[in-house]
Each structure stands twice: as C-alpha cells, then as structure tokens.
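Structure in structure tokens, see below.
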Amino acid sequence: MFVVPFDVERIVFDLDGTLVDSAPDLHRATNHVLTSVGRTEIPLEAVRHMVGEGAKRLIEKGLAHTGGINGFDLDALLPTFLDFYKDNLCVESRLYDGALEMLDALEARGIKSAVCTNKPVHLAEPLLEALGIRQRFVAVTGGDSFPFRKPDPRHLTETLALMGGIGGAVMVGDTISDTAAAKAAGVPSILVSYGYLSGSLADLDADAIVDSLADIPGILRA
Ligand SMILES: O=C(O)COP(=O)(O)O
Ligand SMILES: [Mg+2]
C-alpha cells in the first residue's frame, strides 16, 4: 500500500465530491436554471458527474445535456444559479462518512488542513459553516479567490502559501481538476473513489486512491 514518503505537515482538500456530497443541492440549482429557460429537468445521477469545474461549467453541461448551448449567454444565467443555490446551499448536502473522524485524526497529529474548491468562496464558507467544520481549516479558497483556479496549479500553491508553505503538502480530491493541479504543483495527490468523476479513476494518475476519508491518516507516515 502507498504511504506518503515524507512527514505530512499540511493537507489541502477539494470540497464537492471529496468532503461534502453536495450533488443533491447542486442538482436542484441546475434544474432551477434549466426550467427557467424552458429546458427539462435532468436526473441527479447526470448532475453528479458534471460537478468539479465550477458553476458556469455546470450550467453549460446541463444545457448541453438537454439540447445544446447555442444561443445561451452562460454569464447571464450564472446569477440565476448562484442566487438559488445560495438560498438552498445545505438542504441535502452532507459530509461524507469518515470526514470528522479523519479531521480529528489529522488535528491530533498536528497536521493543518485547508479547502481548495472551484465553488465561489462566498458559498464554500457558509456551506462549511452549515456542516459545522469551517473552523477545522486554516484557509478556504474558491474558484474566484484568485485570477486562476484548479486545474491551474497556482490555485493549490496559493492555498498552500496561506497555510505557511508548500513543504510537506498533500492534495485530496475527486476529479482531474484536483489531480492535475497537484501534479503540476509537484504535490502528491490522493483520490477518493466515491466522488463525482465521470471517467476511470486509474486514468487520473493519483498517488493513492481511497474508498473512505477515514483511510487517509493510515497512508500518512506516522
Ligand atoms: O464545481 C464546483 O462548483 C466545485 O467543485 P470542487 O469543490 O470539486 O472544486
Ligand atoms: Mg470535487
């Protein structure tokens, strides 16, 4: 089994599909936009695999799934999505099993945690608050915190800078946005197998794949 070959000082987590199963609420918001432009609703299972590249891409994929994007101004539709989602941020969203246990174990070992998500930061913060874990993270950065976002490695390296430096860092995520950012930043990545990825886990070339967040402390050198 893979064990991170250095003393881990800091861990950066992706949010949607990694720490939080937010797809049901993102699904409602996506359908809200689609029905507002006369499109049909799409099933949760379809939306689940559209998450990870930010809200605009989610709207784009929803439109593509229901007849195409021609003639639509995605920027103009974004407020329809964000306003609805802001008011319905944590209706069905839940922490994944093992999240609290893992955060406790990391804290006990003095390892710092942060969140690096493509969700806008003004939505990521209250979602973490609503789930009772905001105070567990020394930093939270979103898709709009910098002029770049995952898979751009600078989203990860700037998050690490807020944590005190890039040394001893590991990234945990669920899609290629996370593993690609980590690889380009020279940071080992751990992929969760239950997330929102649409393709094959093996294609992402992560350093380790876990079925539960609770498995993570076990693959960090004690
Ligand atoms: O797609 C999003 O809005 C955010 O996704 P992430 O938390 O997986 O980066
Ligand atoms: Mg994700």
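Quick reminder: no glycine exception, Cβ is built from N, Cα and C everywhere.
Positions annotated as active site, nucleophile by TrEMBL: D14. TrEMBL lists D14, D16, D174 with the feature Mg(2+) binding site.
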Using a Cβ cut-off under 8 Å and a sequence separation of 6 or more, which residues in the same chain sit near D16 (Mg(2+) binding site)?
S22, A23, L26, V51, G52, T117, N118, K119, D174, Y196
Looking only at D14, D174, the recorded positions on record, which one has the least crowded Cβ, with the fewest other Cβ atoms within 10 Å?
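Ranked by other Cβ atoms within 10 Å, the recorded positions D14, D174 bottom out at D174.
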Compute the mean position of the Cβ atoms of D14, D16, D174, which form the recorded Mg(2+) site, and then list in sequence order the other residues of that chain whose Cβ is within 8 Å of it.
L15, G17, T18, L19, V51, G52, T117, G173, T175, S177, D178, V192, G195, Y196
Three states by DSSP: which one describes D16 (Mg(2+) binding site)?
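Assignment for D16 (Mg(2+) binding site) reads strand.
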